[in-house]
Amino acid sequence: MLTQEFDTIAAISTPLGEGAISIVRLSGNDAVKIAASVFKGKNLAEVSSHTINYGHVYDHETLIDEVMASVMLAPKTFTREDIVEINTHGGIAVTQEILQVLLRHGARLAEPGEFTKRAFLNGRMDLAQAESVMDLIRAKTDKAANIAVKQLNGSLSTLINNIRQEILEALAQVEVNIDYPEYDDVETMTTQMLVEKTAHFQKLLENLLATAKRGKILREGLKTAIIGRPNVGKSSLLNQLLREEKAIVTDIAGTTRDVITEFANIGGVPLELIDTAGIRETEDIVEKIGVERSVKALNEADLVLLVLDASSTLTDKDRELLQLSEESNRIILLNKTDLPEQIEIDHLPSDFIRISALKNENLDAVEEKINAIFFSGEIEAQDATVLSNARHISLVESALSALTDANESLSAGLPVDLVQVDVTRCWQILGEITGEAAPDELITQLFSQFCLGK
Ligand code: GDP
Ligand code: ZN
């Protein structure tokens with residue numbers, strides 16, 4: 001495949017925040033040489049691979065920082081090149097300075113995603129795996145991160161490779177049949193085999209696609225509006241939802257990160273609190289944007305959480321909001337159930353949930369309800385491969401439609417070689433997922449979406 005001479009790249013690979021430790025990463029043939037030229041301590045060019053070394057980074061005579069330098073020699077590294085990671089505990093300015101010194105000593109500033117791109121180009125991972133690095137960086141909850149980690153470990157790639165292998169075998173069998181026309185009834189036999197095989201492949205791809213809805217929601221989140229009259233507890237609920245996990249920790253180096261806080265988290269499902277015309281958390285949606293537009297805005301939300309105060313009787317405002325959200329994917333929450341109940345529950349649709357935002361009670365039931373609405377209640381299999389990436393989903397859809405074409409040709413009695421074309425197309429499309437059949441422009445474009453330093 002692609003064997004290229006790569007220069008040595010450098011970047012800060014931790015988020016540019018107030019974190020205690022920042023890492024400047026170097027990758028390439030001269031990684032060790034360049035690091036050694038600014039490092040005082042042990043001679044990095046002579047230390048063993050995969051060691052952490054204490055020392056100081058100097059810009060000529062000027063001390064910049066006390067650091068730990070990890071030296072990892074190819075090929076057992078993320079990029080399959082020599083890598084040096086310099087851990088600093090100084091702030092942003094110091095970290096930038098170290099990067100600048102490395103650049104002056106011969107490293108080149110990495111482009112966004114270039115470390116991962118090298119891992120891909122050097123055969124360390126396929127495209128689906130490389131994309132999962134990006135998904136992991138962007139994961140909004142621990143569940144989304146788990147999907148990405150699984151994919152990074154190659155679960156989707158293995159599945160796709162197995163299906164492609166089966167398709168290839170079927171195509172080979174067709175070739176063999178065609179090459180031995182002296183057999184009786186080759187055409188009928190081959191047709192029969194193709195009918196069975198395409199049905200089988202269709203089933204495999206349909207099963208995979210069935211996981212996509214969950215995957216997409218876990219990855220992108222549900223657009224959610226929290227509505228209710230003043231003082232029912234919307235802000236309290238929001239705070240509870242925002243309070244869950246604050247950091248995603250994985251054992252993959254350099255991927256620990258903070259959960260993006262605009263996303264609330266309910267049982268691992270990210271809720272994106274939408275602000276269309278101010279309905280992120282709203283008491284008077286009707287006054288703000290009018291009845292018709294309110295209904296429309298609420299319908300555009302994937303999920304509406306209508307909060308009612310269980311410790312008081314229903315008001316006109318409550319009734320209005322109940323009506324307004326009738327057509328939406330709505331969950332009615334009776335809040336403040338830690339207080340004596342006053343609300344007239346026989347005036348409510350029966351599928352409400354009692355919670356206490358104040359005491360953080362029964363939010364599990366809300367999680368179950370979301371599962372029921374969006375995942376048809378199915379419990380997620382721990383080891384299931386989930387399709388979550390939009391690019392992968394659309395490729396599996398196209399692969400499936402190639403099989404539908406094949407089926408149609410078969411039932412229309414078209415010659416086998418026409419069917420072969422469709423099945424081959426299916427095989428090719430699936431190859432784009434792992435990158436085996438991906439064009440260069442696509443690869444460039446995909447990696448350019450990464451953050452710096454990854
Ligand atoms: P919002 O106006 O709908 O955003 O309501 P807030 O979240 O600001 O809450 C209004 C008041 O109700 C505050 O004093 C909260 O502490 C209180 N509150 C919220 N949830 C509960 C609950 O579950 N139980 C009780 N007892 N009080 C609550
Ligand atoms: Zn509020």
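Just so you know, glycine gets a Cβ as well, placed from its N, Cα and C.
Per TrEMBL, the candidate among Arg25, Arg164, Arg391 that belongs to the (6S)-5-formyl-5,6,7,8-tetrahydrofolate site alongside Glu85, Arg124, Lys454 is Arg25. Put simply, Glu85 ((6S)-5-formyl-5,6,7,8-tetrahydrofolate binding site) is 45 Å from Lys234 (GTP binding site) when counted between their Cα atoms. Proximity of the binding-site residues Arg25, Glu85, Lys234, Ser235 to ligand 2, judged by a Cβ distance under 6 angstroms to any of its atoms, singles out Lys234, Ser235 in sequence order. Counted over all residue pairs in Arg25, Glu85, Arg124, Lys454, the record's binders of (6S)-5-formyl-5,6,7,8-tetrahydrofolate, the longest Cα to Cα distance measures 19 angstrom. According to DSSP, Glu85 ((6S)-5-formyl-5,6,7,8-tetrahydrofolate binding site) sits within a strand segment. Here the Cα atom of Ser235 (Mg(2+) binding site) is found 43 Å from that of Glu85 ((6S)-5-formyl-5,6,7,8-tetrahydrofolate binding site).
Mean model confidence for the domain 'TrmE-type G' (221-375) is a pLDDT of 81. The local packing around Lys454 ((6S)-5-formyl-5,6,7,8-tetrahydrofolate binding site), expressed as other Cβ atoms within 10 Å of its Cβ over all shown chains, amounts to 23.
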